[in-house]
Amino acid sequence: LAHPDRPPSPVNVTVTQLKANSATVSWDVPEGDMVIGYAILQQRQDGQMQRFIREVNTTNRACVLWDLAEDADYIIQVQSIGLYGESQASKRVHFRTLKETDRLPSNSSNQGDITMEGLDKDRQLQTGEIIIIVAVLLMWAAVIALFCRQYDIIKDNDSNNNKEKTKPSSEHSTPERPSGGLLRSK
């Protein structure tokens with residue numbers, strides 16, 4: 001049974017943009033539920049490698065899986081992250097990466113790089129993201145102000161110490177010649 005405050009599991013988990021070393025996983029989240037991120041469990045079917053990807057403060061519903069082994073079988077599961085915990089994992093999705101020699105069909109949109117189709121690239125920042133950004137900027141401003149204040153205190157103390165030091169009187173010092181040698185008295 002799912003906890004009432006936890007978000008529901010992602011649905012329609014699909015793998016697209018398959019290549020030899022990467023793939024894109026996408027999913028849907030039922031409407032009306034507060035989801036603040038996602039977690040993906042990626043595991044090779046032979047058990048040699050497992051990776052856990054966790055992203056919060058995002059409304060993205062896709063993720064690029066990178067550094068995959070060529071011609072290998074993988075299993076992925078996706079979880080929604082809500083304010084009060086994580087959902088149950090989605091159904092397992094199996095996929096196999098391509099061989100390096102495999103080519104995508106000519107009618108596919110192969111632009112040489114992984115694209116994140118379906119993502120809202122022009123989305124507005126959410127209130128929580130703006131608050132975090134402002135808080136970080138204010139902290140940096142405070143650190144810089146503190147550094148400048150400390151620097152001024154050190155500089156003032158240093159200049160006061162230099163004024164208090166007295167120069168040795170000229171009768172005790174040895175004059176130098178313009179050529180850099182010392183004068184010798186005969």
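Every residue, even glycine, has its Cβ placed from backbone N, Cα and C.
The annotation compositional bias 'Basic and acidic residues' is assigned in TrEMBL to 157-175. Residues or ranges marked as domain 'Fibronectin type-III' in TrEMBL: 7-100. Among the features that TrEMBL reports, region 'Disordered' is placed at 157-186. What TrEMBL records for 130-148 is transmembrane segment.
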For the domain 'Fibronectin type-III' (7-100), mean pLDDT (0 to 100): 91
Summary of DSSP states over the domain 'Fibronectin type-III' (7-100), given as helix, strand and coil counts: 0 helix, 47 strand, 47 coil
